[in-house]
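Chemist: Got a structure for you, questions after.
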Amino acid sequence: MILGNLSEVSEFRLLGFSEISHLQPLLFVVLLSLYILTLLANTVIAFTINYDTSLHTPMYFFLTQLSCLDICYLSVIIPTILENLLVGVVSISKTRCAMQMFFFLFFGVAECFLLAAMALDRCIAICYPLHYPVLMSSRVCKSLIFGSYICGTAVGLVHTTLTFSSPLCGSAINHFFCEIQPLLDLLCGNTFPREIQVIVVAVFAILSPFLLILYSYIRIISTILQMPSAESRQKAFSTCSSHLLVVTLFYGTAGSMYLRPKYSYCASVDKFLSLSYSVVTPLLNPLIYSLRNKEVKGALRKKWRKISLAW
């Protein structure tokens, strides 16, 4: 179907994993299992932190927000993926497609800035421990969260409005949800301005918080190296190692997806990258923070003992 203007489009067709149709039943089971595990793991982390007063600190407040964002972030696209795997090519309305793109960008960008806020928190805790309670007060933490959501809203609105106001010459999206890069393939005429738009917004949404994270860790490493004992250095580094691992996973996959020109786009590779940062990373986040954090593991054991005694 050749269309001259997006206003004439009533729906899109998501091709999904049509090239590996023989593996779709297996992929459905795997992704549904990962989705359930992710919901369970992030919910357990959020409730454990909420009900354990010893974890009511800025670091765990941010971790709770990260768990909530991961749940929402994943829930935006997983239902569409599962539907695609069940019925094959999925038809999705223009409104639903636009909403899916907006909320995917909203939660994704908010997570980028939340990870930057978490890096700033660790930097202040290690570099300015005496001033930490004042510099990272409850008001400051809530302001950082609010700022993350504002940035997510701005990026989501800009991308969605510009993309869905451009003329299209097709309606088949070679992806499993309404992703930006596959939609660029449907634009009519010269797509270079839209490619620049994607890269510019990605620089703001991905690179700017990443630079803040990089600066924070330069300060952290510099401070740790000046500590007198190996034990204090190890303890300081252990408080931010989990966050550093999460940042590497998230920014590595998201950056390789958005910080590159359209001509290097490959549908099969980008579907794999999308699955990595949108499905696998939200599952790994709570596992990384719980398995590598003694306080979280202690709170989980304490909660489990209470549940066991109640039974």
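Keep in mind that glycine also has a Cβ here, set from the backbone N, Cα and C atoms.
In case it helps, TrEMBL gives these features for our protein:
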DOMAIN    41-289  domain 'G-protein coupled receptors family 1 profile'
TRANSMEM  26-47  transmembrane segment
TRANSMEM  59-82  transmembrane segment
TRANSMEM  102-120  transmembrane segment
TRANSMEM  140-158  transmembrane segment
TRANSMEM  196-215  transmembrane segment
TRANSMEM  236-254  transmembrane segment
TRANSMEM  274-291  transmembrane segment
Chemist: Mind pulling out the one from 26-47, 59-82, 102-120, 236-254, 274-291 with the most Cβ pairs under 8 angstroms to the transmembrane segment (196-215)?
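Modeler: Per the Cβ count, the answer is 102-120.
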Chemist: Can you work out whether the transmembrane segment (140-158) touches the transmembrane segment (236-254), with the criterion being 3+ CB pairs under 8 Å where the paired residues are 6 or more apart along the chain?
Modeler: no
Chemist: Which whole-number mean pLDDT does the model give the domain 'G-protein coupled receptors family 1 profile' (41-289)?
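Modeler: That region's mean pLDDT is 84.
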